[in-house]
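**Student:** As annotated by TrEMBL, ATP binding site applies to G373, Q374, T375, G376, S377, G378, K379, T380. Sequence annotations record features per position, and here TrEMBL assigns coiled coil to 161-250. Positions annotated as domain 'Kinesin motor' by TrEMBL: 285-613.
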Amino acid sequence: MSRIPKLPGAKENKPGFSNIRNITRTIGNGLSDVDKKALLLNHTKPSSTITSGTSVAAPRLKRAASANAVAPPSKAAKVERKPSVSARIPPYDYKARFNDLVEKHKVIKSELTSLNTKYIEVSDDYEKYKELADNSLKETSILKDKLQNCLRELRQITADHDSLKLDNALQKRELDDLHNKTKILEDVTNSLKIKSMENDRLELEINDLSRRHKSLQEENEAIRVLNEHLKKVSAEHEKLQEDHKCALELIKKTQTHRDALQNIIDTMYKDQRILRNTIQDLKGNIRVYCRVRPPLESETNKPLYNLHVVDACTIEIEKIELLNSARKGKSQHTFSFDGIFTPHSSQEDVFAKVSSMVQSALDGYNVCIFAYGQTGSGKTYTMEGGNGLAEYGIIPRSINMIFECMAELKEMGWELSIKASFLEIYNEVIYDLLDSSKDQESHDIKMVNSKGSELYVSNLREEEVKSSHDFIRLLIFAQRNRQTAATLNNERSSRSHSVAQVKISAINEKRKEKFTSNLNLVDLAGSESGKTTQRMGETKHINRSLSELSKVILSLQTNQSHIPYRNSKLTHLLMPSLGGNSKTLMLVNINQFDDNFNETLNSLRFATNVNSCKTTKAKKNLTLFDGF
Ligand SMILES: Nc1ncnc2c1ncn2[C@@H]1O[C@H](COP(=O)(O)OP(=O)(O)OP(=O)(O)O)[C@@H](O)[C@H]1O
């Protein structure tokens with residue numbers, strides 16, 4: 001009950017209100033006797049008293065009604081309208097009246113309870129609303145304050161904005177002013193820049209001009225010096241002119257002398273050539289030299305037969321047969337040739353004797369130099385040589401000599417062109433040693449013209465050589481090709497003839513002379529007999545070609561009308577160099593090994609046959625021509 005708020009204006013000391021409370025309490029606990037009496041008194045009082053009694057309770061009912069304005073009409077109200085029912089109860093009937101009152105009391109009590117409940121609810125709501133109202137009031141006050149603040153701030157901002165606007169307008173005006181000033185300044189700067197550039201240019205021009213001025217001053221000075229020098233030079237020039245006149249006269253005289261001397265030289269050269277060839281003719285156009293090779297370091301233990309050099313042209317060989325052999329006793333043989341090269345003769349010694357043949361080629365004769373002998377007798381060493389300049393053989397030395405003489409001949413008006421080709425004849429088939437391809441085209445020996453004096457080999461590479469170096473390069477290439485073939489074909493190099501051909505074409509415009517000569521440098525196949533079946537086949541070809549060579553030489557010796565050149569590839573190829581219009585030199589190579597005595601004997605006999613052959617006087621290939 002303490003939570004129930006006191007209604008405004010309800011005071012405890014008010015008799016009406018306390019009465020009601022008392023009544024209520026009493027009704028709740030059962031009526032006391034006093035109450036019952038009071039009730040009876042009140043009840044028995046005239047209706048006006050009752051009315052006054054009810055008027056005491058009225059304010060409370062009114063308040064309840066006002067608190068429950070929307071509530072349905074209360075039972076109390078209904079009770080107030082009931083006097084008409086109680087009026088029907090006779091006044092004496094106290095019991096009925098009492099019951100009626102009890103009934104009414106019950107109704108009022110229940111109404112009071114419901115009113116109390118509602119009062120509590122309303123009080124709660126009141127409290128809530130009051131709190132809400134208080135909060136709202138507080139919030140409103142806060143919001144009001146905020147609004148006030150905002151309004152203040154807004155006023156301040158508006159004021160600031162206005163002042164800023166003003167400032168902005170002022171600054172804009174200032175900026176425009178500044179823009180204008182900047183533009184003016186830019187214009188001024190540009191014009192200043194142009195002026196400064198102009199200034200720089202002018203400075204450069206001034207510098208350039210001062211430099212030019214300086215150099216002109218220097219030139220002026222130099223011209224002055226030159227003028228002085230020129231004066232001296234012109235004096236010297238005049239003197240020199242006089243000297244020149246004298247010199248010209250002297251040159252004229254010398255020229256006449258020189259021409260006379262040149263004529264003498266030409267005549268002497270001609271005579272020299274004639275003499276050389278006369279000597280050659282006297283020596284014979286087929287010349288044979290014998291070269292004995294020394295044993296190599298690895299061969300020092302091999303037994304040797306006796307070899308005795310009788311004189312510069314004669315050797316004697318002797319083999320002492322064992323007493324128990326079929327041919328017991330001494331076997332002694334003497335051979336004479338155009339010269340003998342002992343085991344001590346150097347490559348230079350050999351070439352000194354051979355060089356006259358190379359000279360003949362340069363004089364326009366066909367020349368053939370070939371090395372003959374059994375395998376390992378030193379043919380390749382003699383023709384090609386070993387390592388280094390000192391061991392150069394006949395082939396590289398010949399080419400060196402040709403190029404050395406070329407310079408001399410040039411002074412006498414001769415222009416020479418040299419062409420080289422390298423070939424190999426193996427089993428009667430020609431192979432081009434400058435062609436490294438495996439499948440070479442076939443090579444045949446053909447005639448250049450119907451006379452048959454000049455021959456050529458079809459499909460054979462012929463390289464023009466401009467120097468000895470060019471030629472050596474080709475020679476090495478050919479050697480390598482021959483070695484490759486030899487490796488593929490079991491020592492083929494020993495069993496084939498190798499031919500280096502040098503073609504010399506010379507022309508002398510002044511003397512209207514020209515000639516072509518061939519220098520054939522031949523390393524023949526080993527001349528010994530073969531032992532295996534394959535060797536037998538090769539030997540047959542070698543022996544045939546060597547015997548054909550011997551026959552050709554013999555036919556030439558006996559001046560036969562028919563010379564069997566075409567019977568072998570070798571003789572056919574060497575035809576121009578073996579016939580009348582040629583010079584031939586054979587080097588028969590031998591060794592001194594006892595085992596090789598018989599082969600050596602055969603070689604020396606073959607060489608003796610060749611040596612006894614005398615060809616007719618060689619004819620030079622020189623022709624006269626009217627012009628080019
Ligand atoms: N005069 C010499 N002085 C020094 N060594 C030589 C001389 N002659 C030949 N020889 C050497 O003897 C060896 C055989 O010589 P070479 O190969 O020239 O003989 P070959 O007759 O050409 O043989 P093949 O028929 O097999 O070609 C080589 O090692 C060579 O260097």
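Just so you know, glycine gets a Cβ as well, placed from its N, Cα and C.
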**Student:** Which of the binding-site residues Q374, G376, G378, K379 have a Cβ less than 6 Å from any atom of ligand 1?
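**Tutor:** The ones that qualify, in sequence order, are G376, G378, K379.
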**Student:** Starting from the Cβ of G376 (ATP binding site), draw a 10 Å sphere and report how many other Cβ atoms land inside it.
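**Tutor:** For G376 (ATP binding site), the 10 Å Cβ neighbour count is 19.
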**Student:** Pick from S377, T380: which of these binding-site residues has the biggest number of other Cβ atoms within 10 Å of its Cβ?
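**Tutor:** Per the Cβ count within 10 Å, the most buried is S377.
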**Student:** Taking the Cβ of Q374 (ATP binding site) as the centre, count every other Cβ atom within 10 Å, in any protein chain shown.
**Tutor:** 22
**Student:** For T375 (ATP binding site), what is the secondary structure by DSSP, using just helix, strand and coil?
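**Tutor:** Coil, per DSSP.
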**Student:** Let me make sure I understand the structure: which of the binding-site residues listed (G373, G378) has the fewest other Cβ atoms within 10 A of its Cβ?
**Tutor:** G378
**Student:** With the cut-off set at 10 Å between Cβ atoms, which of these binding-site residues ends up with the most neighbours? Options: T375, K379.
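**Tutor:** Per the Cβ count within 10 Å, the most buried is K379.
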